[in-house]
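Sharing a structure, written as structure tokens. Questions coming.
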Amino acid sequence: MSQLLTMSELSKEEISEILKDAEDFANGKERKATEQTFVANLFFENSTRTRFSFEVAEKRLGLEVLNFSADSSSVQKGETLYDTIRTLESIGAKAVVIRHQQDRYFDELKDKVNIPILNAGDGCGNHPTQCLLDLLTIKQEFGRFEGLKIAIVGDIRHSRVARSNAEALTKLGATIYFASPEEWKDETNTFGTYRSLDELIPEVDVMMLLRVQHERHDHYETDIMKEYHENHGLTMEREERMKEGSIIMHPAPVNRDVEIASELVECKRSRIFKQMENGVYVRMAVLKRALPNVLGGMKHELFV
């Protein structure tokens with residue numbers, strides 16, 4: 001049963017195969033379920049890109065989508081997450097996509113349910129499909145990971161994107177640097193080295209900006225965000241000093257003129273909307289891996 005909970009569970013070869021499948025889907029290869037198959041999407045946190053790209057991926061694969069609303073479900077009556085998943089399994093769901101505010105919510109489920117769990121983000125912990133779409137975007141741009149220098153900039157402490165990407169990119173041979181305000185550093189994330197943003201600007205191949213997660217902070221004021229942009233954001237002046245051929249990435253949603261100058265969101269270096277497009281293809285590949293009996297299995301030459 002091919003669940004996807006964290007990037008640490010994937011080998012380089014497994015990452016390679018997922019990316020190759022995603023690239024095939026991006027190039028127009030089609031794959032349809034061979035029988036009626038239900039997949040349930042459970043989002044306990046707000047989401048636009050992840051939720052809808054999973055739904056588009058499911059529908060493009062010919063899967064039947066069950067969209068779960070916590071507000072109108074028995075969760076409001078005290079039903080546990082485990083009982084909810086077992087209920088969906090009992091009525092015919094063959095896989096579940098879950099986003100949850102609790103770090104590692106899946107620990108209580110993974111050895112108890114009989115259908116694959118696809119983690120769409122757990123608290124401040126992991127975001128494997130975001131990581132995979134970022135890897136696909138980088139691979140399309142540079143053709144490799146080995147030897148690339150990548151800066152992950154912003155709220156490292158609260159970012160599941162930073163955690164998943166730093167681990168996976170290190171595994172694939174890239175060098176990771178972090179740039180962050182002191183209070184948002186995460187000393188438990190040992191996959192990168194902290195340096196100042198202005199030192200990194202002319203050196204790195206990828207500038208990966210992180211959203212300031214105001215919902216996880218006590219203070220979110222205009223003057224504080226203006227100060228953040230000046231000290232830690234990608235300003236127009238900083239973009240002008242970036243390395244030739246380097247790219248800008250952001251998992252979105254973007255706080256314009258906070259993490260990045262509004263004018264740069266769709267500039268020549270930006271791959272922000274390309275990342276979103278790649279999210280559909282990566283999630284198609286992840287679903288195909290999770291449901292081999294109805295979506296088939298393909299082996300590929302290594303893509304890493």
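Even glycines carry a Cβ here, placed using N, Cα and C.
Found this in Swiss-Prot, in case it helps:
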BINDING   ARG49, THR50, ARG99, HIS127, GLN130, ALA252, PRO253  carbamoyl phosphate binding site
BINDING   LYS77, ARG160, ARG211  L-aspartate binding site
Taking the residues the record says bind carbamoyl phosphate (ARG49, THR50, ARG99, HIS127, GLN130, ALA252, PRO253), how far apart in Å are the two Cα atoms that sit farthest from each other?
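That value is 16 Å for the farthest Cα pair.
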Taking the Cα of ARG160 (L-aspartate binding site) as the centre, which of the binding-site residues listed as ARG49, THR50, ARG99, HIS127, ALA252, PRO253 lie within 10 Å of it?
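Neighbours among binding-site residues, in sequence order: HIS127.
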According to DSSP, which kind of secondary structure is ARG99 (carbamoyl phosphate binding site) found in, if we only use helix, strand and coil?
strand
Applying the rule Cβ within 8 Å of the centroid of the Cβ atoms of ARG49, THR50, ARG99, HIS127, GLN130, ALA252, PRO253, what extra residues of the same chain belong around the carbamoyl phosphate site?
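In sequence order, the nearby non-listed residues are SER47, THR48, ALA120, GLY121, VAL161, PRO251, GLY279.
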Of ARG99, HIS127, which of the binding-site residues has the most Cβ neighbours inside 10 Å?
HIS127
Just to verify a number: CA distance, HIS127 (carbamoyl phosphate binding site) to ARG211 (L-aspartate binding site), in angstrom, no decimals.
14
I need the CA-to-CA distance for PRO253 (carbamoyl phosphate binding site) versus ARG211 (L-aspartate binding site), whole Å please.
7
